[in-house]
Amino acid sequence: MTSKVREILLLSTYITLALLLRYAYSREVFTNCGGEFDKPQGILQTTNFPGPFPTPISCEWLIRAPPNKKIILYFTEFYMKDSVFVSSYDAYMSPTLHLNRDDIGEILWNYDLSIPLETRKHCLLLRLEVDFIGNRHIRVIEHLLDVFGFNITYEIVDPLVTAQLGCSLKHCSYLGKCIASADYTSFSCQCYDKFFGDQCQYGPHCDPDHGTNLCLNGGRC
(Lines of atoms letter the chains of each structure in order from A; the text may use other names.)
(Lines give C-alpha, C1' and ligand atoms only; values in the text may rest on other atoms or scores of the structure.)
Protein backbone atom coordinates (compact mmCIF):
# COMPACT_ATOMS: atom_id res chain seq x y z
CA MET A 1 0.00 0.00 0.00
CA THR A 2 1.47 3.33 -1.04
CA SER A 3 1.73 6.29 1.30
CA LYS A 4 -0.79 8.16 -0.84
CA VAL A 5 -3.37 5.39 -0.44
CA ARG A 6 -2.75 5.37 3.32
CA GLU A 7 -3.35 9.10 3.47
CA ILE A 8 -6.61 8.74 1.54
CA LEU A 9 -7.83 5.91 3.81
CA LEU A 10 -6.86 7.83 6.94
CA LEU A 11 -8.63 10.96 5.70
CA SER A 12 -11.71 8.91 4.85
CA THR A 13 -11.73 7.45 8.38
CA TYR A 14 -11.49 10.90 9.97
CA ILE A 15 -14.32 12.21 7.81
CA THR A 16 -16.53 9.23 8.71
CA LEU A 17 -15.88 9.70 12.43
CA ALA A 18 -16.56 13.42 12.17
CA LEU A 19 -19.87 12.78 10.41
CA LEU A 20 -20.89 10.20 13.02
CA LEU A 21 -20.08 12.58 15.87
CA ARG A 22 -21.94 15.40 14.16
CA TYR A 23 -24.95 13.14 13.68
CA ALA A 24 -24.84 12.03 17.33
CA TYR A 25 -24.76 15.54 18.72
CA SER A 26 -27.34 16.87 16.28
CA ARG A 27 -30.06 14.43 17.34
CA GLU A 28 -32.60 15.60 19.88
CA VAL A 29 -32.23 13.98 23.29
CA PHE A 30 -35.34 12.07 24.42
CA THR A 31 -36.38 13.21 27.91
CA ASN A 32 -40.07 12.28 28.08
CA CYS A 33 -39.37 9.54 30.62
CA GLY A 34 -38.69 8.88 34.29
CA GLY A 35 -40.67 10.78 36.92
CA GLU A 36 -41.18 11.20 40.67
CA PHE A 37 -42.42 8.44 42.96
CA ASP A 38 -43.59 8.64 46.57
CA LYS A 39 -45.96 5.69 47.00
CA PRO A 40 -44.95 2.83 49.35
CA GLN A 41 -44.26 0.53 46.38
CA GLY A 42 -43.69 1.08 42.70
CA ILE A 43 -42.01 0.17 39.44
CA LEU A 44 -39.32 2.07 37.53
CA GLN A 45 -39.03 1.12 33.87
CA THR A 46 -37.53 2.41 30.66
CA THR A 47 -39.68 3.68 27.81
CA ASN A 48 -41.29 0.88 25.75
CA PHE A 49 -40.00 -1.83 28.11
CA PRO A 50 -39.16 -4.58 27.25
CA GLY A 51 -38.73 -3.09 23.77
CA PRO A 52 -35.99 -0.67 22.71
CA PHE A 53 -36.04 2.87 24.04
CA PRO A 54 -35.27 5.90 21.85
CA THR A 55 -31.74 7.32 21.78
CA PRO A 56 -30.07 9.56 22.66
CA ILE A 57 -31.93 9.49 25.96
CA SER A 58 -31.60 11.17 29.35
CA CYS A 59 -34.01 10.06 32.10
CA GLU A 60 -34.31 10.50 35.85
CA TRP A 61 -36.45 8.53 38.30
CA LEU A 62 -36.70 10.19 41.70
CA ILE A 63 -38.05 8.33 44.74
CA ARG A 64 -39.04 10.50 47.72
CA ALA A 65 -39.49 8.90 51.12
CA PRO A 66 -41.18 10.49 54.17
CA PRO A 67 -39.09 11.18 57.29
CA ASN A 68 -38.00 8.13 59.28
CA LYS A 69 -38.35 5.77 56.34
CA LYS A 70 -35.88 4.04 54.04
CA ILE A 71 -35.92 3.21 50.33
CA ILE A 72 -35.14 -0.26 48.99
CA LEU A 73 -34.45 -0.85 45.29
CA TYR A 74 -34.69 -4.35 43.74
CA PHE A 75 -33.02 -4.91 40.35
CA THR A 76 -35.53 -7.54 39.23
CA GLU A 77 -35.43 -7.19 35.43
CA PHE A 78 -32.25 -5.29 34.63
CA TYR A 79 -30.80 -5.84 31.14
CA MET A 80 -28.38 -2.89 30.94
CA LYS A 81 -24.62 -3.41 30.89
CA ASP A 82 -23.95 0.13 32.09
CA SER A 83 -25.19 3.76 31.72
CA VAL A 84 -27.37 3.66 34.85
CA PHE A 85 -26.28 5.81 37.81
CA VAL A 86 -27.67 6.01 41.34
CA SER A 87 -27.29 8.70 44.00
CA SER A 88 -29.11 9.59 47.22
CA TYR A 89 -29.83 12.93 48.91
CA ASP A 90 -31.22 14.43 52.07
CA ALA A 91 -33.13 16.82 49.79
CA TYR A 92 -33.36 17.11 46.01
CA MET A 93 -34.88 19.83 43.86
CA SER A 94 -32.73 19.75 40.69
CA PRO A 95 -29.28 18.62 39.48
CA THR A 96 -27.89 21.92 40.78
CA LEU A 97 -30.06 22.31 43.89
CA HIS A 98 -29.80 19.47 46.39
CA LEU A 99 -28.48 18.64 49.86
CA ASN A 100 -25.90 16.08 51.04
CA ARG A 101 -25.42 13.95 47.94
CA ASP A 102 -24.16 10.39 48.30
CA ASP A 103 -22.91 9.19 44.90
CA ILE A 104 -23.61 5.45 44.92
CA GLY A 105 -22.24 5.11 41.38
CA GLU A 106 -22.85 3.29 38.12
CA ILE A 107 -24.75 0.01 38.14
CA LEU A 108 -22.85 -2.53 36.04
CA TRP A 109 -24.05 -5.83 34.60
CA ASN A 110 -21.50 -7.99 36.48
CA TYR A 111 -22.54 -6.79 39.95
CA ASP A 112 -24.49 -9.14 42.21
CA LEU A 113 -27.82 -7.40 41.70
CA SER A 114 -29.74 -9.97 43.74
CA ILE A 115 -28.62 -7.89 46.75
CA PRO A 116 -31.04 -4.94 47.01
CA LEU A 117 -29.81 -1.37 47.25
CA GLU A 118 -31.13 0.62 50.19
CA THR A 119 -30.74 4.10 51.65
CA ARG A 120 -32.12 5.98 54.64
CA LYS A 121 -31.77 9.30 52.88
CA HIS A 122 -34.92 11.14 51.87
CA CYS A 123 -34.39 10.90 48.09
CA LEU A 124 -33.00 8.25 45.75
CA LEU A 125 -32.25 9.27 42.16
CA LEU A 126 -31.75 6.80 39.33
CA ARG A 127 -30.41 8.29 36.09
CA LEU A 128 -30.12 6.76 32.60
CA GLU A 129 -27.80 8.35 30.02
CA VAL A 130 -27.40 6.63 26.63
CA ASP A 131 -26.19 8.06 23.29
CA PHE A 132 -26.46 4.87 21.20
CA ILE A 133 -28.45 1.78 22.05
CA GLY A 134 -25.90 -0.62 20.49
CA ASN A 135 -23.92 -2.94 22.80
CA ARG A 136 -25.61 -1.61 25.94
CA HIS A 137 -27.59 -4.72 26.82
CA ILE A 138 -26.86 -8.20 28.11
CA ARG A 139 -27.25 -10.83 25.40
CA VAL A 140 -27.25 -14.64 25.56
CA ILE A 141 -27.37 -16.93 22.53
CA GLU A 142 -31.00 -17.93 21.84
CA HIS A 143 -32.19 -15.76 24.75
CA LEU A 144 -32.23 -12.11 25.80
CA LEU A 145 -32.00 -11.00 22.18
CA ASP A 146 -35.06 -8.75 22.19
CA VAL A 147 -35.16 -7.22 25.68
CA PHE A 148 -33.96 -3.71 26.48
CA GLY A 149 -33.61 -1.39 29.46
CA PHE A 150 -35.00 -2.33 32.85
CA ASN A 151 -38.13 -2.94 34.90
CA ILE A 152 -37.12 -2.65 38.54
CA THR A 153 -39.09 -2.33 41.76
CA TYR A 154 -38.81 -0.27 44.91
CA GLU A 155 -40.46 -0.01 48.30
CA ILE A 156 -40.46 2.56 51.10
CA VAL A 157 -40.43 0.93 54.54
CA ASP A 158 -39.63 1.52 58.20
CA PRO A 159 -35.88 1.70 58.91
CA LEU A 160 -35.88 -1.53 60.95
CA VAL A 161 -37.45 -3.62 58.18
CA THR A 162 -34.94 -6.07 56.72
CA ALA A 163 -34.73 -6.04 52.95
CA GLN A 164 -35.54 -9.40 51.36
CA LEU A 165 -32.81 -11.00 49.29
CA GLY A 166 -33.99 -10.49 45.73
CA CYS A 167 -32.99 -12.13 42.50
CA SER A 168 -31.52 -10.89 39.25
CA LEU A 169 -30.71 -11.90 35.71
CA LYS A 170 -27.38 -13.33 36.89
CA HIS A 171 -29.05 -15.14 39.81
CA CYS A 172 -31.41 -16.77 37.28
CA SER A 173 -28.41 -18.03 35.25
CA TYR A 174 -29.31 -15.62 32.41
CA LEU A 175 -31.95 -18.23 31.52
CA GLY A 176 -35.00 -16.75 33.21
CA LYS A 177 -36.69 -13.63 34.55
CA CYS A 178 -36.64 -12.46 38.14
CA ILE A 179 -40.21 -12.06 39.44
CA ALA A 180 -41.24 -10.31 42.67
CA SER A 181 -44.38 -11.18 44.62
CA ALA A 182 -47.02 -8.46 44.96
CA ASP A 183 -45.91 -7.61 48.51
CA TYR A 184 -42.16 -7.96 47.76
CA THR A 185 -41.75 -10.66 50.40
CA SER A 186 -40.44 -13.23 47.94
CA PHE A 187 -38.54 -13.34 44.66
CA SER A 188 -38.19 -16.21 42.22
CA CYS A 189 -36.87 -17.09 38.78
CA GLN A 190 -39.34 -17.65 35.96
CA CYS A 191 -37.31 -19.90 33.65
CA TYR A 192 -37.37 -19.83 29.88
CA ASP A 193 -38.72 -22.83 27.97
CA LYS A 194 -36.75 -26.07 28.54
CA PHE A 195 -34.93 -24.74 31.62
CA PHE A 196 -35.78 -25.37 35.27
CA GLY A 197 -34.46 -25.21 38.83
CA ASP A 198 -34.66 -22.48 41.46
CA GLN A 199 -31.99 -20.59 39.51
CA CYS A 200 -32.87 -21.99 36.06
CA GLN A 201 -29.59 -23.89 36.26
CA TYR A 202 -30.89 -27.07 34.61
CA GLY A 203 -31.89 -27.65 31.01
CA PRO A 204 -31.24 -29.64 27.82
CA HIS A 205 -27.48 -29.84 28.47
CA CYS A 206 -27.55 -30.12 32.26
CA ASP A 207 -29.92 -32.49 34.08
CA PRO A 208 -27.69 -34.65 36.29
CA ASP A 209 -30.59 -36.36 38.07
CA HIS A 210 -31.62 -37.84 34.72
CA GLY A 211 -28.18 -38.68 33.32
CA THR A 212 -27.34 -35.46 31.46
CA ASN A 213 -24.12 -34.08 32.91
CA LEU A 214 -21.33 -32.46 30.90
CA CYS A 215 -18.92 -32.29 33.85
CA LEU A 216 -16.02 -34.74 34.20
CA ASN A 217 -14.26 -36.40 37.15
CA GLY A 218 -17.35 -36.60 39.32
CA GLY A 219 -18.34 -32.97 38.86
CA ARG A 220 -21.95 -31.92 38.71
CA CYS A 221 -23.28 -29.28 36.35
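Yeah, the Cβs are placed from backbone N, Cα and C, and that goes for glycine too.
Unlike curated entries, TrEMBL annotations are predicted automatically.
These come from TrEMBL:
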- 1-26: signal peptide (SIGNAL)
- 33-157: domain 'CUB' (DOMAIN)
- 163-201: domain 'EGF-like' (DOMAIN)
- Cys172-Cys189: disulfide bond (DISULFID)
- Cys191-Cys200: disulfide bond (DISULFID)
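Model confidence over the domain 'CUB' (33-157) is summarised by a mean pLDDT of 95.
Separation of the C-alpha atoms of Cys191 (disulfide bond) and Cys172 (disulfide bond): 8 Å, rounded to the nearest whole number. DSSP places the residues of the domain 'CUB' (33-157) in helix, strand and coil in these numbers: 0 helix, 67 strand, 58 coil.
The Cβ of Cys200 (disulfide bond) has Cys172, Ser173, Leu175, Gly176, Cys189, Cys191, Tyr192 as same-chain neighbours under 8 Å, each 6 or more residues away in sequence. Mapped onto DSSP classes, the domain 'EGF-like' (163-201) shows 0 helix, 11 strand, 28 coil.
Cβ neighbour density within 10 Å is lowest for Cys191 among the disulfide-bonded residues Cys172, Cys189, Cys191.
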